[in-house]
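Look at TrEMBL and you will find 35-54, 66-84, 91-112, 151-170, 182-205, 225-246 tagged as transmembrane segment.
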Amino acid sequence: MSDAEFGRMSFKEPEVETKRGPAQPHWYERYLQPCIGELVGSAFFIYIGCVSVIENSDGTGRLQPALAHGLALGLTIAILGNISGGHYNPAVSLGAWLVGGLNMVMVIPYWISQLCGGMIGAGLAKVTTVWERYENATGGAFTAITSDPQLPAAVVGEIVMTMLLVMAVCMGAINEKTKSPLAPFCIGLTVTVDILAGGAVSGACMNPARAFGPAVAANHWDYHWVYWVGPMGAALLVGALIRVLLGDSKTRFFLK
């Protein structure tokens, strides 16, 4: 081959494949859709919860509300859980954030969505039930606490029962070592068990949004603070427990 022919030859640069990471979800799916999911799920859950109390049949005691709350929560988590996580509860969202299951920037939007959903659900319960029954049940608001001597037991009861609920969510749906596809069923069953066991102690609210919605609709605020202090305090305790002792190696702060 002559030098001239050699000079006319062209050489291609080897093609280097550049690997791209997975496409990021659209901002709507990251920020707005989860809040809509929490709003809709909270509205459905709290509507069913309030109506189950308002229309509670004589002789069933706490069984009807317990089953209705538990089944409604399990179903809404199964339906909408992949969109928002299926919290429908400010205490659950706080616990999820503490253990790394929720972005900090979403905590306040989740709370607002849940409280608005609670008001929508309680408002729907008000317009779809017989007025006399609505009045007798105070719109599904919590009336178990009637005097100050009940407060210590009620606050402690709310803390313990909410701890069980938040732990069911964090360990069953977030913690890698223990999460299970049965989480929606287990979380709903936890609510049923808590209401059956502790309904007479405090009403077994475990959810500030569940207390807030009917309190607004029925204008009933007696001892309302209990249903914020107890559940939110429980979320803090569960967050500490999982971060220190029960979480997997990614979640624990110590002894990794």
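Just so you know, glycine gets a Cβ as well, placed from its N, Cα and C.
Unlike curated records, TrEMBL annotations are generated automatically.
Below 8 angstroms of C-beta separation, residues 33-38, 40-41, 44-45, 48-49, 51-52, 110, 173, 183-185, 187-193, 195-196, 199 of the same chain, each at least six residues beyond the ends of the transmembrane segment (66-84), sit close to that stretch. Contacts between the transmembrane segment (151-170) and the transmembrane segment (225-246): present, as 3 or more C-beta pairs lie under 8 angstroms, all at sequence separation of six or more. Most Cβ pairs under 8 A with the transmembrane segment (91-112) among the ranges 35-54, 182-205, 225-246 are made by 225-246.
Proximity of distant same-chain residues to the transmembrane segment (225-246), defined by a Cβ-Cβ separation under 8 Å and at least 6 residues beyond the stretch ends, is recorded for 89-92, 94-95, 97-99, 142, 145, 151, 154-163, 165-167, 170-171, 175, 202-203, 205-208, 210-212, 252-254. Through the fold, the transmembrane segment (35-54) approaches residues 64-65, 67-69, 72-73, 76-77, 79-80, 83-84, 86-89, 106, 109-110, 112-118, 120-122, 124-125, 128-129, 133-134, 137, 139-140, 209-210, 213-214 of its own chain, all at least 6 residues removed from its boundaries and within a Cβ separation under 8 Å.
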